[in-house]
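Swiss-Prot has this to say about the protein:
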MOD_RES   LYS13  N6-succinyllysine
MOD_RES   LYS18  N6-succinyllysine
MOD_RES   SER21  phosphoserine
MOD_RES   LYS28  N6-succinyllysine
MOD_RES   THR33  phosphothreonine
MOD_RES   SER38  phosphoserine
MOD_RES   LYS39  N6-succinyllysine
MOD_RES   LYS47  N6-succinyllysine
MOD_RES   LYS59  N6-succinyllysine
MOD_RES   SER69  phosphoserine
MOD_RES   LYS90  N6-succinyllysine
Amino acid sequence: MKAIGLPDDLIQKGKDIKGVSEVVQEGKHFKVTITTGSKMETMTGEKVKTVVRMEGDNKLVTTFKGIKSVTEFNGDTVXNXMTLGXIVFKRVSKR
């Protein structure tokens, strides 16, 4: 998290937080439409334009500011891995 510019207090808040995310899928439309440009907000609050690609039937992939984000849906599990160089951040959630 430090590698993407998050200060220590936000890193600690991220470790302590228990959140709920809503994911709604209608065909190839999630909150973004696959393969079209969309604006996303980074963990530092910066808004960036990126393209989200769908790989297979259950994986969303995008790259922004040198970070590769892969979100995979398997049954009731949502796994997200973000990679910056040799640093990998993984989060697993339940639907």
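The backbone N, Cα and C atoms fix where each Cβ goes, and this holds for glycine too.
Predicted, not measured: the structure shown is a model, and the values here were computed from it.
The least crowded of the modified residues SER38, SER69, judged by other CB atoms within 10 A of its own CB, is SER38. In the structure as shown, the Cβ atom of LYS47 (N6-succinyllysine) sits within 10 Å of 8 other Cβ atoms.
In this structure, the C-alpha atom of LYS90 (N6-succinyllysine) lies 22 angstrom from that of LYS39 (N6-succinyllysine). Distance from the CA of LYS47 (N6-succinyllysine) to the CA of LYS39 (N6-succinyllysine) is 6 Å. Every protein chain shown contributes to the tally, and the Cβ of LYS90 (N6-succinyllysine) ends up with 10 other Cβ atoms within 10 Å. With the fewest other C-beta atoms within 10 Å around its C-beta, LYS39 stands out among the modified residues LYS39, LYS59.
Geometry remark: SER69 (phosphoserine) versus LYS59 (N6-succinyllysine), CA distance 10 Å. It is 28 Å from the Cα atom of LYS13 (N6-succinyllysine) to that of LYS59 (N6-succinyllysine). Within 10 Å of the Cβ of LYS13 (N6-succinyllysine) there are 11 other Cβ atoms, across all protein chains.
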